[in-house]
Each structure stands twice: as C-alpha cells, then as structure tokens.
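Inspection log for the structure reproduced underneath, given as structure tokens.
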Amino acid sequence: MAKESGISLKEIQVLARQWKVGPEKRVPAMPGSPVEVKIQSRSSPPTMPPLPPINPGGPRPVSFTPTALSNGINHSPPTLNGAPSPPQRFSNGPASSTSSALTNQQLPATCGARQLSKLKRFLTTLQQFGNDISPEIGEKVRTLVLALVNSTVTIEEFHCKLQEATNFPLRPFVIPFLKANLPLLQRELLHCARAAKQTPSQYLAQHEHLLLNTSIASPADSSELLMEVHGNGKRPSPERREENSFDRDTIAPEPPAKRVCTISPAPRHSPALTVPLMNPGGQFHPTPPPLQHYTLEDIATSHLYREPNKMLEHREVRDRHHSLGLNGGYQDELVDHRLTEREWADEWKHLDHALNCIMEMVEKTRRSMAVLRRCQESDREELNYWKRRYNENTELRKTGTELVSRQHSPGSADSLSNDSQREFNSRPGTGYVPVEFWKKTEEAVNKVKIQAMSEVQKAVAEAEQKAFEVIATERARMEQTIADVKRQAAEDAFLVINEQEESTENCWNCGRKASETCSGCNIARYCGSFCQHKDWERHHRLCGQNLHGQSPHGQGRPLLPVGRGSSARSADCSVPSPALDKTSATTSRSSTPASVTAIDTNGL
C-alpha cells in the first residue's frame, strides 16, 4: 500500500517520528526565518497528497506578494514579514494531542504580533496626519518614519524632528512605546531582508507599502497620539474600508472572521477545538477552525473565561461585532478599546484619587461654611448687644435732660407727675394691669431719676470745687514766683550800687580810672567827656534831683566844666541829700543814695 501511494516505509517512519517529537525537540526560530523555510521544504515532499503540515507550529513559506484567491481577486495584503492573512479555505490542521502545547507556545508570538500591529498603525497614523496638514509635511513625516525604522535616527531625534515638522508634540506614552516595540519591528525587517537577500534599507525601500499600508485597517485617531490636534477629542468614524467579493464565492459561506495580525507565521488555534476536523475519507478537512474564537483580546482577557457567565457575555459582544461584516467577507480590524488589568488598575487609582480630592474639597468647604456661620452668629450677637447698650444709654440721656429741664422750670414736680400719669394712662392695654402697679412703677422710676440727678449734681459740684482749688493754688504759686523775682532784682541792684561805692575813683560809664567829675552834682566821675555824654541819659535824673534840692542861689549857677580842680570846690557847694525812694535805687546803676546821704551828713 505504501508502494502504491509512492511513499516508502522508511519515509513513513521518518514522518511519524517527526510528527511525535517535532514540536517538543525543535528549537523555534524567529518568525519568518529562512531556517524554518528550509525545514518546511524538506519535511513536506512534493509528491504527498494534501496532508496537514508535519510541524503544527511550523511557519508558512515566506512570500511578499499578495496571495491570489480562487475567484481571481487579490485580497488580504501581507504584513511586514510577508505572511498573508489566509482565507478560511486553507487548513491549519492542528492535532488534538498537541493543541494545549501549541497554545502555550503561541502566546509570546501573539503578544509580539499585537505590539507590532499597534506600532504599524501608529506609524501609519503619523504619516496620514502629516498628509492631512500638507503634502510637504506628509513627505517629511514619511522620511522620518523610514529613517526611524532603518535606525538612522534615534527615537529622541525622531520626536524632536516630528514636533518641528508638525508643530504638535507627541503624547508622553509614545516614546516608551517606541522604545519597547521598535526593536521588534527592526528584527522582523532584518529577517525579511535576509530572506530576500537584501539589506534592510533596500527591502524597506521596495516594500514601503507593507509598513505604511493604509488599506489594512483604519488607523488610530491622531488625537490619541498627538496633543491638542482635535478640539472635541472624538474619534472620527473610519472611512477606509475594504471591499471584498466573498459573497460571490462558490464555497459555502462561513462565519465572518475578524482580521488577525499575520506578522508572525505561527497559526492560531482555538483552545475549544481539541479534535481536528476530518472528512469521511480520513483526511483532514481543509476548512480551519474559526479564527475569531481565540484572538488577541482573548489573551488579554483570559481571566474572564474562568467564570462561565462572563465568558458567554464576552462572546456575545464579540459575535455582535463580527456580525457587522459584509456578507461573510473579512471585516476591517476593529480597534480594541478594552483595557488590560494594569490599565484598569491605573484608571481605578486615578478615579479613587479624584474622588478623594473631591471629598477633601467638600470637607474643606463645609468647614469653611461652618466657620463663617459661627463668625456671623458671633458678630450678630455682638451687634445686638451694642444696640441694646446704645438704646439704654440714649434713654438714660433723654430722661436725664428731661428731669433737669423740669427741675429748673417752675411747677416741675406737678408737670412731671402729670406727664408721667398721662403717659401711663395713654398706654394701650392698661386695663389688663392694675393701677397700683403702674403707680409703684412710676414712683420707682421717679426715685431712680431723682437719685441719678442728685449724683450728677454732686459730681458737677465736686468737679467745680476741684477746679477752683487748682486755680487758687496756681495763682498763689504765680504770685510767689513774681515776688521772688522782684526780690532777686532788688538784691542785684543793691549789689551793683555797693560795687560803685567801693570804686568812687572809677568812671561810672566804662569803669576805668576817673579824672573828671560831673559839674552838676559833683558826685559822678568819668574818665572823659565821651563817657560823661554816654552816661548822661541815666545820670541826668540823679543830677536833676540834686539840683532841685539845692538852695535858690545855687539854682542859677551855670554848670562848670569838669576839671581837675573841681574837687576842691566841691566842699563849698555841698549838695543837699534828698530822700531817695526804692524805685530810684533800682532804676540804674548811676543812682548812689548811700554816697549822697554821706555827703549830706558831712555838709550838715
């Protein structure tokens, strides 16, 4: 039987051995590696009938051209590594015994594929954003993107130049995202370039559309990557949609499958399908399991499948998204807006922080309002207190003035009693209060008023008495001070006179040695005529008094000139001694009552 089919027994044993131990012992190479291509070509003879691949985890042949479908329409453009998104007619053929192992091995590749897909969408969005501004800026952005992928510029330089070109800064998460995922894209580019026997720059120049392909899916909104791009911050509806012709396909329609990332050549299998699909002839069915049952978001939300209810709800939401496809064709890749556990934790943390801040603000506002309310209450109480005090003082002042005016007026007692009686009688509601009560109240008020007035009068009398006493004491003090000053002046005058008596030979004007004597009184002595004329204003009073006190025969005697011999004649013309009062002694220093009295006594 083996010979009839063209396969020897030895080849069957080799195939069986590779089928059993292939996935466990083979060291997986990088996706798109030429080594995997060689292993694939060696392990699958061209004369074999359509069997499943020997290594379920093995790669597909690397191809950089679109795969032509049976209906003649090229569909599903290849991604960066050239592996196209396969139609559902091609078989992956997983074995039931290795489904769980395959799932565990595919997780890293799936995560890397997801990150590479995000990076491609990001670069495509940047290029489209530049084109939306202007074609020149779009060309600059495209050049920067190619330079970044070719490692000719660093991420920081790319950030700065992109900001200079577009005048829009990138969001803070973009640089860490590029640092984390750009090496994966460069590694894929290197593998593809090696497979094509080209340098990475040559390969990227020839296959630029694979990196910046806008027809794969609607790129992310540029407002998510650039700051302050759109005013409303809403995501625009995707405008680029692919048209397909699967509705005209002759094969029976299958459930619409979500487009999967095909950068990594490793196939995807659903963990729910553990038994391979086989036809009645014993061969594997060419139809693969539905790819939408286990996609990238299933890995991020694998914790949801631990509970059946959440799993069913999640699958219903996912099927509702898949039902939006066009007649069983491939649908554009839907952007997954669901958050991971870490993102949910960050969101909850931010929300909790915001709520705590709001609570703190509310608490502070409440405390401030309570403090303001207490301050208003205290201010109101203090204002009411001072109002009462002011009203009481005003009433007392009015009553005091009225009592004073009535006491000074005639018939004040009668008028006071009449006014008070009239006031109490005119009050409303007096019929409800006994008359005796009003009388007692009136008497008490009158007593208080009289007592207050008596106290005021006593206070006024005491103040006046104190004022009079102060005035009397001040007057006595002033009189004593004036008397002391007068006595001191008299003593000073007597001292001056005594000094002049002791120095009779000195000039009465300048104090020098005198050589002449006044011819009128023969008492005053001067050093010359100049000092005599100078002192005449003060001396003529004494000299005139002496002349009036002389005898009549001596009144007509002319004034002799002052000379040295006049002292001899002074004995003949003795001057009488008039009675000098106190005022003449204190007017000037020229008045010498002591010397005059001495001369008079000698003459008598």
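Quick reminder: no glycine exception, Cβ is built from N, Cα and C everywhere.
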Scan K179, K449 for the residue that Swiss-Prot records as SUMO2 cross-link. K449
According to Swiss-Prot, which residue out of S134, S577 bears the annotation phosphoserine? S577
Going by what Swiss-Prot says, which of S237, S409, S551 is noted as phosphoserine? S409
Specify all same-chain residues, apart from the site residues C507, C510, C527, C531, whose Cβ lies within 8 angstroms of the center of the Cβ atoms of the Zn(2+) 1 site, ordered by sequence. N506, W508, N509, G511, R512, A514, Y526, G528, F530
Given C527 (Zn(2+) 1 binding site) and K449 (SUMO2 cross-link), what distance in Å do their CA atoms have, once rounded to a whole number? 87
Just to be sure I understand, if DSSP states are collapsed into helix, strand and coil, how many residues of the region 'Nervy homology region 2 (NHR2)' (331-377) fall in each? 37 helix, 1 strand, 9 coil
Go ahead and report the DSSP secondary structure tallies for the domain 'TAFH' (113-208): helix first, then strand, then coil. 78 helix, 1 strand, 17 coil
Among the binding-site residues listed here (C507, C510, C527, C531), identify the one with the smallest other-Cβ count within 10 Å. C510
At the level of the C-alpha atoms, what whole-angstrom distance separates C510 (Zn(2+) 1 binding site) and K449 (SUMO2 cross-link)? 80
Between C531 (Zn(2+) 1 binding site) and K449 (SUMO2 cross-link), what C-alpha distance do you get in Å? 83
